[in-house]
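Report on one structure; see the data block that follows.
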Amino acid sequence: MKSKGTRFERDLLVELWKAGFAAIRVAGSGVSPFPCPDIVAGNGRTYLAIEVKMRKELPLYLSADEVEQLVTFARGFGAEAYVALKLPRKKWRFFPVQMLERTEKNFKIDESVYPLGLEIAEVAGKFFQERFGEKV
């Protein structure tokens, strides 16, 4: 499973670069004693701390600690905290942590939250810029 997760992180890196972000994987992000996202990306206007997840189906559950560490890193780095989720045969969807649904002890992305996720172009701001004629 670890190699599959790494492959998805690398796939997302390619998509981020195509969308105009400089992006890197954070090696050992899951085992660091410090808060560490899976990917850090930026395009000069927007900076992202991303926790990468892939699932065969919904819901996706995230521990409160995992979300808290992502938010802690993002605040310290000056980035926006996102969870990027990949489902089979679907595009990457990005969820700002504020969009995650709170459960009794944790967080989740389920069928009601998933359609609200952002596409990579929306996160990059291209949708807004193209709409108003600004070149990207």
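Going from the start of the chain as shown, residues are counted 1 onward.
A Cβ is built for glycine as well, from the same backbone N, Cα and C atoms used for every other residue.
The active site annotation in Swiss-Prot covers Ser29 and is backed by sequence analysis.
Annotation note: Asp38 (Mg(2+) binding site) sits in a coil segment as assigned by DSSP. Its Cβ taken as reference, Asp38 (Mg(2+) binding site) is surrounded by 23 other Cβ atoms within 10 Å in the chains shown. The annotation Mg(2+) binding site is assigned in Swiss-Prot to Glu9, Asp38, Glu51 on the grounds of sequence analysis.
Look at Swiss-Prot and you will find Lys53 tagged as site 'Transition state stabilizer', backed by sequence analysis. Taken residue by residue with DSSP, Lys53 (site 'Transition state stabilizer') is part of a strand.
The CA atom of Asp38 (Mg(2+) binding site) is located 9 Å away from the CA atom of Lys53 (site 'Transition state stabilizer'). Secondary structure at Glu9 (Mg(2+) binding site), as computed by DSSP, is helix.
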